[in-house]
Amino acid sequence: MLSSAVSSSLLILHKPFARVIRFPIPKLPLSPNPRPLSSLSPAASALTPNAVGAGGRAGALSPAPITEDLQKIDVNPPKGTRDFPPEDMRLRNWLFYHFREVSRLFGFEEVDFPVLESEALYIRKAGEEIRDQLYCFEDRGNRRVALRPELTPSLARLVIQKGKSLSLPVKWFAVGQCWRYERMTRGRRREHYQWNMDIIGVHEVSAEAELISSIVTFFKRLGITASDVGFKVSSRKVLQEVLRHYSIPEALFGKVCIIIDKIEKIPVDDIKNELKSAGVSEEAIEQLLQVLSIKSLTKLEEILGDAGEAVADLKQLFSLAEKFGYSEWIQFDASIVRGLAYYTGIVFEGFDRGGKLRAICGGGRYDRLLSTFGGDDIPACGFGFGDAVIVELLKEKGLLPELSLQVENIVCALDPGLQGAAATVATILRGKGQSVDLVLENKPLKWVFKRAARINANRLILVGDSEWQRASQSQHIH
């Protein structure tokens, strides 16, 4: 029995909207002058496609020209970028949920950085592809800035900023948007979201082993198996040992790695010519290419011996993979070096065993990155995992989930004069943590039933005049 404060009741139709239940509600006063929403700040000026087309650089920002004639705009997003209508946003949120949940399971804390960073953060190493792919420009304060093409340099900057206040080891993850002006292919766009996990302050290969374990855990959650995806693993130290044997200067190491990273993208003769132009002797080039063709850790040990760090690190990683339970996911491939100059040790790439897609993810050890920004070096490793290729893989395997809109309640007033009562019902339910779609206009029942089905509502609540009148007369409802 409800008190006399109750002044109306409702018809509640449960899915499939056949059963009718009376639901009493108190009549709450509604403010005749609701507080207006605050206005949003004006959006920042966008980069024009022409400004970044030539080498990825743009001039200073300037106000858009004012024209008398209104012209129809291109309703498509800029080339290489995406809109996220509700159905795509549901998929993105689902994917990001798994990124974050796996990170939580491994004890990582979330961080984020500005999308706009200093250009100097990304151009400290010559020869990297990333230099020519920057969306960069001079802002109105005459500062060179860039939309971030990756997350790791921002992470390094933050670690240096925190300094000795950080308690090592640090386990951080981020999910952020990145921008690169590059040729688009399947799974490659000019903007994408990237999941990064990084471990700062651990020398041992156990850090890389845990990072790979986290990615395997992610794959398993999505239904992807070791027969679908694998990891190619190597070490930058393999190349170092070969180059050291032929007295190649240490200063050339980063440049050689960038060239070798193209080994599956351009003809071998072009690789040889680039290496020769970089100052590597023909004998060293032949030996280098021979080593890079090795797919067996045992064979690598025969050539390099077991005394070097490269073989020791790799053997330890494969041993740990057995303990973590993902040994069937990984394989040795000496040609994997990764294209960024800052890697120093173990490197790895996740790949589609069907061979239809580009690398799914990649990472490795970067023990000397902080010193390139003026900080003290700290051992570190991490990976980047984009959102585009994994969606293509899920489509390929038929693993994309069906993510329809789901609302618990739809509330509708059957008479315009009861719109206030319907709003009261919605407020009460929302206060209890339930989602409510309130019908804001006077609509026919046929439309309401169709909408309830479209949004997968569990309950349809109708605020009717007769129930209102009976409740007002009786003041008590059972």
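One-based numbering along the chain as shown.
Yeah, the Cβs are placed from backbone N, Cα and C, and that goes for glycine too.
As given in TrEMBL:
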- 80-401: domain 'Aminoacyl-transfer RNA synthetases class-II family profile' (DOMAIN)
- GLU150, LEU151, THR152, ARG180, GLN194, ASP198, ARG338, TYR342, TYR343: L-histidine binding site (BINDING)
Quiz prompt | Residues that sit under 8 angstroms from ARG338 (L-histidine binding site) by C-beta distance, when 6+ apart in the chain | solution = ARG236, CYS257, ASP261, VAL347, GLU349, GLY362, GLY363, GLY364
Quiz item: How many other Cβ atoms are found within 10 Å of the Cβ atom of TYR343 (L-histidine binding site), counting all protein chains shown?
Solution: 24
Quiz item: Near the Cβ of GLN194 (L-histidine binding site), how many other Cβ atoms are there if near means within 10 Å?
Solution: 22
Quiz item: Counting across all protein chains shown, how many other Cβ atoms sit within 10 Å of the Cβ of THR152 (L-histidine binding site)?
Solution: 22
